[in-house]
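> Here's the feature list from TrEMBL:
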TRANSMEM  42-65  transmembrane segment
TRANSMEM  77-97  transmembrane segment
TRANSMEM  118-137  transmembrane segment
TRANSMEM  170-189  transmembrane segment
TRANSMEM  201-220  transmembrane segment
TRANSMEM  240-261  transmembrane segment
TRANSMEM  282-306  transmembrane segment
TRANSMEM  336-357  transmembrane segment
TRANSMEM  391-409  transmembrane segment
TRANSMEM  415-438  transmembrane segment
TRANSMEM  459-482  transmembrane segment
TRANSMEM  488-509  transmembrane segment
Amino acid sequence: MTWNRSPAGGGSAVTVDHSDDTGLARLRELGYRQELKRDLSVLSNFAFSFSIISVLTGVTTLYNTGLNFGGPATMTFGWFVAGAFTMAVGASMAEICSSFPTSGGLYYWSARLSGKRWAPFASWITGWFNVVGQWAVTTSVDYSLAQLIQVIILLATGGKTGGGYVASKYMVLGFHAAILLSHAVINSLPISCLSFLGQFAAAWNVLGVFVLMIAVPTVATERASAEFVFTHFNTDNDGAGIRSSLYIFVLGLLMSQYTFTGYDASAHMTEETKNADKNGPIGIISAIGISILVGWGYILGITFAVKDIPYLLSPDNDAGGYAIAEVFYLAFKSRYGSGVGGIVCLGIVAVAIYLCGMSSVTSNSRMAYAFSRDGAMPFSSVWHKVNRQDVPINAVWLSAFIALCMALPSLGSLVAFQAMVSIATVGLYISYALPVLFRVTLARKCFVPGPFSLGRYGVMVGWVAVLWVATISVLFSLPVAYPVTKDTLNYTPVAVGGLFFLVIASWVLSARHWFTGPITNLDG
C-alpha cells in the first residue's frame, strides 16, 4: 500500500492545490458540484462503516447459525477466514474509492472502469445490486432488532418455560416499523448530528464488546474449556442431514460474512467527508480491520460461556431458541438466581443494533440520492432533492419505506423473508465485486490510483477479491438441509436470481434506450 501525493482518476494525474480540500477538488474533476455538506472527519467516516458492520449486530443475530454449523471451531477460525478475504475486497474498493470519491460509489466506479461502450450497462447493474442490497441490509438489521426486542420481552416476563409473553408476528413487524420511523426521523437531522451519533455508535460497539466479552464468561458459574472453544466442531446440526465436515464449515461462515457487510458506507459518505480521496479509503480499511479484532474477542468471550449447544438451540429454552440470549440469561441466573443481568446485556446489544440500523439508513439514502442524481431511479427528481440542511431528505424516507416493505413477507413465512434478506449478503457483495472486476480487466492498464494505492499488488488483490465473492455467492446458495423441501430450500439463488432477472429485463426493455451512466452536474 502506498499513498501518492496527488489525486488522480481513470486517466492522467491532475495537480491539485493541497491547501484546499483534495476530495472536493477531485469531485469537481469528476464533474460534480458540491451539494451535500462536507463536514465529516476521517473518524466520522470510519464510524459509519464500523457501526454498520457492527460485530454486536452480526454475531448476535447469526450466532445460532455459527453454533448449528460447526460450532466454536467454525466461529473462531472461520471468522479470520472470512475477515482476511473481506480485507482483500475492502482494500480493492478503497483503492478505487481514492480515485473516485463520490456518493455514487460502486456504480460510478463501474462506469468509469468499464470503458465507454459498457459504462451504462455496468453502471446500471452495479447500482441496482448495491442499492437493493443496502435496502436489504437495513431490513435485516432493523427486523433482527425487532426480534431481539421480542426475546427481551419474553425473558423479562418469565421466559418461555415460565409462561413469558411471546409477541405475535404482527407485533414484531410493528416494532420493525417503529424502529424504521425513528431512523428516518434521525436521518432527517443535519449531518453534524449524524456525525456525532455515528461516532457514538462506533464507541458503543467497541465498549459494548469489551463489557460483554468480560462480564458474561466471568459471571457464568460453568465455563467452557479452551479446547472446546478452539477445537470443538459441532456436526449435530439439528437433523439437517449434512455429514460433510467441510460443507458444515462452509455454511457456518455465513455468520462471519454477513457481519462483514456495509463498509461501502465510507464510499457513499465521501461527498460529505473532508479530503475524501484519502479519508474514504481509511474509513473502509480501518472499519474492516478493527471489526476483525473486536469481533473475534466478542466471539471468544461469549463462547467461553457456552456448554450445552443442543439446549441453547432448542426452541423450548427460556429464550425460545435464541442462543446468545439464552447464554446471557443463564450466565446471570446461575450466579445470582435471576437473569436480569442477562437482559441488561441484551439491552447493550439492542442499542448497538439500533445504531447500526441508523447508520445503514444514512448510507442507503446517500446511494439512492446519487443514483437518482444520474436519473437511474423512477421519479429521480424527487429522490435527488436536498433540504436546507443539505440532507437528501426524500431519499432518507424512501429508504426507510422500502425497508419496511421488504419485511412484509415475514407475515406469510420467515422462509420468504429470509430469501429477501439473503440479498443483503450475496447481492451486496456482487455489487462490491463488479467494479473490482472491471479494474483488474478492462481498466488494468489505464487505471490511475488516487492517494491510496495498492501499487503492484493491486491487480493480484483485486483478483483474490473477485474470486472470493464468486465463491461465497455459490457457497451461500447451497442447500442448508437434506432432503430439500419447500421449507428447507435455500432461497438465496431464487432471490438473487430474481433481482438479476429484473435488473437485466429493465435494461433490455427500457433503460438501454435512455440511461447513459453517471451524468455530470457541474455548471460551466
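For all residues, glycine too, the Cβ spot is worked out from N, Cα and C.
From a predicted model like this one, the values you see are computed outputs, not experimental measurements.
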> Mind checking which residues reach the transmembrane segment (488-509)? Cβ under 8 Å, same chain, six or more beyond either end.
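Long-range Cβ neighbours of the transmembrane segment (488-509): 121, 124-125, 128-129, 132, 240, 415-416, 418-420, 422-423, 426-427, 430, 473, 476-482, 515.
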> Which one, 201-220, 240-261, 459-482, has the most C-beta pairs under 8 Å toward the transmembrane segment (42-65)?
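Result: 240-261.
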> What stretch in 118-137, 336-357, 391-409, 415-438 has the biggest tally of Cβ pairs under 8 Å against the transmembrane segment (77-97)?
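Highest pair count goes to 415-438.
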> Which residues, given as numbers and ranges, are at least 6 beyond the ends of the transmembrane segment (201-220) yet have a Cβ under 8 Å from it?
46-47, 50-51, 54-56, 290, 294-295, 297-298, 300-302, 304-305, 327-328, 330-332, 334-336, 341, 345, 348-349, 351-352, 355-356, 358-359
> Count the Cβ pairs between the transmembrane segment (415-438) and the transmembrane segment (240-261) that lie under 8 angstroms and are 6 or more residues apart in sequence, then report whether there are at least 3.
yes
> Does the structure show the transmembrane segment (459-482) and the transmembrane segment (240-261) touching, where I'm treating 3 or more Cβ pairs under 8 angstroms (sequence separation 6 or more) as a contact?
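Yes, the transmembrane segment (459-482) and the transmembrane segment (240-261) are in contact.
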> Determine which recorded stretch among 118-137, 240-261, 282-306, 391-409 has the most C-beta pairs below 8 angstroms with the transmembrane segment (170-189).
391-409
> Ranking 240-261, 282-306, 391-409 by the number of C-beta pairs under 8 Å to the transmembrane segment (118-137), which range is first?
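Ranked by Cβ pairs under 8 Å, first place goes to 391-409.
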